[in-house]
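What TrEMBL says about this one:
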- 1-206: domain 'K+ potassium transporter integral membrane' (DOMAIN)
- 218-476: domain 'K+ potassium transporter C-terminal' (DOMAIN)
- 31-56: transmembrane segment (TRANSMEM)
- 77-101: transmembrane segment (TRANSMEM)
- 113-132: transmembrane segment (TRANSMEM)
- 139-161: transmembrane segment (TRANSMEM)
- 167-184: transmembrane segment (TRANSMEM)
């Protein structure tokens, strides 16, 4: 306001290169004001950077932005994050704008339009908050919008006059980001709908086993999917064309939740896919935003331990259900192939389960330590990483031959090795009318470009390349 008052009385500056802000400052305090302006610019830039990181992170969580690396820099503050790729993009854009404009007037016009647009959008959203979140009268929201919106509309119209003098830049950047977010979100939703509508049951796949000559190969197959039920379309298409999959099949779904940490007892949800004879399981892993994803060795170890625990819990539940056991404990255990939380299930107190926490034993001596236990070992080397879970003798109550057989098969599959099966999607568009067809082709090409140039799921999940099996899937949307 002081600058505007000065310029209203002094229309003609001495030189065209002089800036109105500094010409309005007295000569005696010009240098302190310059230092203050630089510090204010630093603070403002940090606010813009932090806001950009927050928006990108939330958009990525909502599947509205391609996968980027998000580094959480604080254990206590939820929104304190750092995104290296976005930080580099901002730096390049700042240099490009400075070199391209070479004029503070044009940069000021671009900044002015961006700021007033943010204020106008905030006023519109605040009116909705007053009505929907605060449950206030619509007349109050309308009065708020008219009072502040009319003032901001005047500034917005004044900024639009400078559209050709630099104000076009924020609109161009906004359109580019909008196109990227629309392409990614639209295609992601369409892919999920395609998987949901084309999912099949494992029973249907195994029913075709006699016709297709389906075989089960040794080992554990970890199929990564976004679905929490049934079998994804890419796996069913893979099996029907190449009718072979692992003896122990685990459909793994990794979910990120909006809490800092997930307790280990609440992290894993395990359930069956089909009857016990299929040896197929559903495995959902929940991570907090501050949890560090384990390396694959520890992940495999905890996965096998969780599966062994689930098999015992399932046997206990079946025995208690058949014998009319404690109904309160049975009610906690989900029925009909549903999921149970490993680690916090109340049936665990009825189960004598022993773990050996050590991870480095001599292979020759460890074999004679347990007679009634099952030892899961890695590749035969001098020092082996082992997982142990105790199995009660066959005559013990609650454990029958089928449970022992299932645990032994799990042990043999672990020793045979683990394969990580990921979907490698490629999007194609359906033929349609001229305009819609061109738009669909552009969306498909844009999504394939973003998918190839952003972080892949194998990098995000830290899958070892030697054990990775990518299944190609063409989505015709």
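For all residues, glycine too, the Cβ spot is worked out from N, Cα and C.
These numbers come from a predicted model, not from an experiment.
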When only pairs 6 or more apart in sequence are counted, do the transmembrane segment (167-184) and the transmembrane segment (113-132) reach 3 or more Cβ pairs under 8 Å?
-> yes
Where else in the chain does the transmembrane segment (31-56) make close Cβ contacts, counting only residues six or more beyond its ends and a cut-off under 8 Å?
-> 21-22, 25, 65, 68, 79, 81-83, 86-87, 90
Short question: which residues 6 or more past the ends of the transmembrane segment (139-161) have a Cβ under 8 Å from it?
-> 109, 112-113, 116-117, 119-120, 123-124, 126-128, 130-131, 167
Mean predicted confidence [pLDDT] for the domain 'K+ potassium transporter C-terminal' (218-476) = 70
